[in-house]
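A short worksheet on the structure shown next.
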Amino acid sequence: MRSSMLVLFLIFSAQAVAPIIGVLCSVTTAQQDHPTSIPTVDPKLFNKRRHLSPRVLFSSQPPDAEPAGGQGVSRRTRRQPQHRGVYSVCESVSVWVGNKTKATDISGKEVTVLPYVNINNVKKKQYFFETTCHSPPSGGSRCLGIDARHWNSHCTNSHTFVRALTSSENQVAWRLIRINVACVCVLSRKSWQH
């Protein structure tokens, strides 16, 4: 029930933002002549609420904390029980990613993520707060606490779309790109064998 509601929410969200996928940024003529140069972005663009996401950060130095309202590192084996018997079935790791160069936009097209931008003559790097599944050393990704006699299970990354400064076909623009935000358990019933 929850997963179907989540799927519907994602579909409606994607349809709602489809008309506003690429908000173009102002790029100077010199930057258009030299596409490898660092684009200068108008700081007023960051005042618009629709461009802000707690999972995207522009900073001149690496962030040392999780975003506001974030969940941080979620490792079931190292946490104290905080939720009175409620445990995560998939171990996950959350980190700020600063070396993202390529991403998939909401249209399914691969775009180039701008690693650096100039904001008020300060070179800032674009960081993304991503949560991915923690792979155990054995390589298995079975969900924890699932009855393996009756269920097949594996942990997989779940995604969302966030606004990021990207370049595609020589146009610098805000685009919705896909990032990893959770590690979820996928279940399927084992076939009944007599």
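A Cβ is built for glycine as well, from the same backbone N, Cα and C atoms used for every other residue.
If you go by Swiss-Prot, CYS183 shares a disulfide bond with CYS133, out of CYS133, CYS143.
Listed ranges 30-55, 56-81; the one Swiss-Prot annotates as region 'Disordered' is 56-81.
In this structure the alpha carbons, written CA, of CYS155 (disulfide bond) and CYS133 (disulfide bond) are 7 Å apart. Here the disulfide-bonded residues are CYS90, CYS133; the one with the fewest Cβ atoms within 10 Å of its Cβ is CYS133. Considering only the disulfide-bonded residues CYS90, CYS143, CYS185, CYS133 (disulfide bond) has CYS90 as its nearest partner by CA-CA distance.
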